[in-house]
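Feature annotations, courtesy of TrEMBL:
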- Cys63, Cys66, Cys89, Cys92: Zn(2+) binding site (BINDING)
- 111-121: compositional bias 'Basic and acidic residues' (COMPBIAS)
- 107-140: region 'Disordered' (REGION)
Amino acid sequence: MRRGKRPRWMLKIAEERIDILFRMADREFSANPHRSHRYTELARNIAMKYRVRIPREWRRRFCRKCYSFLKPGANCTVRIADGKVNFRCHECGHIMRFPYIREKKDRRRNKIESHTTKEGTDEQVTVGAHNKCGESRSDR
């Protein structure tokens, strides 16, 4: 039998707990790395149980293979090569690659910031507000 959808307040509490656990892991790493690894594991388990995404700032801070908390310079190495940011875990040797394309991001940001005016009106519409048919959402 399928479970119902969890209430929004429950998901919000789960997100807060995940954030608290990652902040504790960051604070605790220098004194006790094993405890910070455990905090990361607990945060990951909460995210899986409540089906909540881990925020991007914390997603890159743990190894996807051994799930240990990563602190650049202490137990992981960060390198930028070929348009990617490479994180190498010193615990298991796993390399995680994240895309890093500054030029494309800048171009996309400039495209969104530049506004096009509608014909006959002074109303400004962002480029991304149109659907596939070419009409804007306000025309419907």
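Cβ coordinates are placed from backbone N, Cα and C, and glycine is handled just like the others.
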**Prompt:** Excluding Cys63, Cys66, Cys89, Cys92, which residues of the same chain place their Cβ within 8 Å of the centroid of the Cβ atoms of the recorded Zn(2+) site?
**Reply:** Arg64, Lys65, Tyr67, Ser68, Leu70, His90, Glu91, Gly93, His94
**Request:** Give the number of CB atoms, excluding that of Cys89 (Zn(2+) binding site) itself, located within 10 Å of its CB.
**Result:** 20
**Prompt:** Secondary structure at Cys63 (Zn(2+) binding site) (DSSP, helix/strand/coil)?
**Reply:** coil
**Item:** DSSP-derived structure type at Cys89 (Zn(2+) binding site), helix or strand or else coil
**Value:** strand
